Amino acid sequence: MKQQASVMGATENLVPDTRHGVILYMENVSVSFDGFKALNDLNLYINDGELRCLIGANGAGKTTLMDVITGKTRPDQGKVNFGQQIDLLKLNEAEIAQAGIGRKFQKPTVFEALSVYENLYLSLKMDKGIWCSLWHKLNGEQKDDIERILATIGLTEQRHGLAGNLSHGQKQWLEIGMLLAAKPRVLLVDEPVAGMTLQETERTAELLTSLAGEHSVVVVEHDMSFVRSIARTVTVLHQGSVLAEGTMAQIQSHPDVKRVYLGEEST
Amino acid sequence: MKNFMALFATPVQRVTGILAIVTLYVTLANGLLPPDSFLYVSDYSVTLLGKYLCYALLALSVDLVWGYCGILSLGHGAFFALGGYAMGMYLMRQIGDRGVYGNADLPDFMVFLNWDVLPWFWAGSDSFIWMVVMVVLAPGLLAYIFGVMAFRSRVSGVYLSIMTQAMTYALLLAFFRNEMGFGGNNGLTDFKDILGYSLQSGSTRLSLFIITAVVLWLAFFICNRIVNSKAGKIVMAIRDAENRSRFVGYNTASYKVALFTFSAVLAGIAGALYVPQVGIINPGEFSPINSIEMVIWVAIGGRGTLYGAIVGALVVSYAKTRFTAIMPEAWLFALGGLFVLVTLLLPKGLVGLWPTLKAKAQQLWPKTKEQAL
């Protein structure tokens, strides 16, 4: 236990070094499952504070990419760094989360048996060891943080209701709120508007754009109109590597993208 | 009257109140009333009640891991038995030269096996303090090692249940062997006294009953504190969405190991309190069916409520005492039937019955009124 605590303490003190303006480095990353190359020699750099959209067909490697960054999947080769100096491949999921990378899943996953308030409480950035959790009491600052997030995600009224009783869209927001509570440097958001109504989608777009700057936000999304409404830089993944990168207009006129998406796919 | 009922508003108060009343009543009725009185509680009943309370403590420990963390342990009987054996070894050594063979150093079964020295693991077993340490350490250490191996490798669900079952079965076979040095098939028995007090005397039995009641209350209080703390919420979060909990930054394996170990220690304490009251500990306590019965207590009482586990253990144990007296061979069928019925009809167990009935009544009442109009 003691050893564990010291390891966690160490990661908490690590602040990613972003002097070069880049917060996430992925270099020559490859992952294969039974011979299928989910990621193939991928190179990707996310700048500090930017909002980046990742698009690509099914199987292009979007979710695998997120799995690699958050420690769920280990790559066969390559380098994944948080800032210049933190090697994410040496940390486990919990340590990566504590270092400041938050992730929202494709399917909204919140703690259904707990209240909205408790969901945010558990997500707050703080010592996450057992001993601390046994005796923990919220202080004023933390309560303010929760209130602020409740207001941001529009769930102030539902605060004491069970998370399991929220609508699909509300669960998506709660999950984004949980990410915010952890005060991450990087937010990885997997299909945030899947199954949302038009209004909900608009609000989510506003929310995500307002988060960029203070946080770096990486969004994976299929909904092209949504991507167009929020994106400044778009990266297109194809067969496990980066096909094109640029503004939406650049992407749409990119010859490789046209070739792949207009059916002239080479084998 | 209203003020009095307010004392029973929360589950903690209810458990505290009922335990206090029962303990006080049993103490007074056993100590002061004449044996021919209708309200008299015999020494036999005191011990029986003490035994039930040990089961309740055991059920509490199962509910803590199963109800709150989703770890369905089918091997909690092993921790119970280990605690029981630790106590049994101490009680064996207290017999001294009053055994059949009159050997002051060796328990009877060792003399019978022609051993001339105590095995190393019996060292210190004549000390009460050492016994208390072992009651905590033996089950705790086993659970810790098991937990680290299972939870770090992310074994869960039915695979974990099977592993716990295999663990208790392996221990059953091991403890059956005479060479293990725990009395083999017969286990440890013929205890005489504890801390110098005769185990046969009514006052010792009453004291053991009171101690068990106090320990149960204490354990309930601590468990309640745990499940209502932030750590308790985290444990529930792990139960419902373990991946999410990891990505929120919790080392879920350490939480599971800690909870599982604590639960095993509670089970061990229950076993240690059980052995002096029933007077025997043998490998039968390791048998898989016992561990399954514990899970049934919790399911019948209502999992994930703590007090439900206590209710379930008491109700089923009492039913077992009654049933096995009338129709011994029918008991397992009755238990199985009860389990199926409760699972189908009362998913929240016996303690969930009252709120469900209340809600049903509220649903029905306005309807019948409308019909009447």
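Each residue, glycine too, has its Cβ placed from N, Cα and C.
Copied over from TrEMBL:
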TRANSMEM  B:12-33  transmembrane segment
TRANSMEM  B:65-88  transmembrane segment
TRANSMEM  B:128-151  transmembrane segment
TRANSMEM  B:158-176  transmembrane segment
TRANSMEM  B:206-227  transmembrane segment
TRANSMEM  B:248-274  transmembrane segment
TRANSMEM  B:294-318  transmembrane segment
TRANSMEM  B:330-347  transmembrane segment
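By the count of Cβ pairs under 8 Å, the stretch nearest in packing to the transmembrane segment (B:294-318) among B:12-33, B:128-151, B:206-227, B:248-274 is B:206-227.
Simply put, out of B:65-88, B:128-151, B:158-176, B:206-227, B:248-274, B:206-227 has the most Cβ pairs sitting under 8 Å from the transmembrane segment (B:12-33). Against the transmembrane segment (B:248-274), the recorded stretches B:65-88, B:128-151, B:158-176, B:206-227 differ in Cβ pairs under 8 Å, and the greatest number is found for B:65-88.
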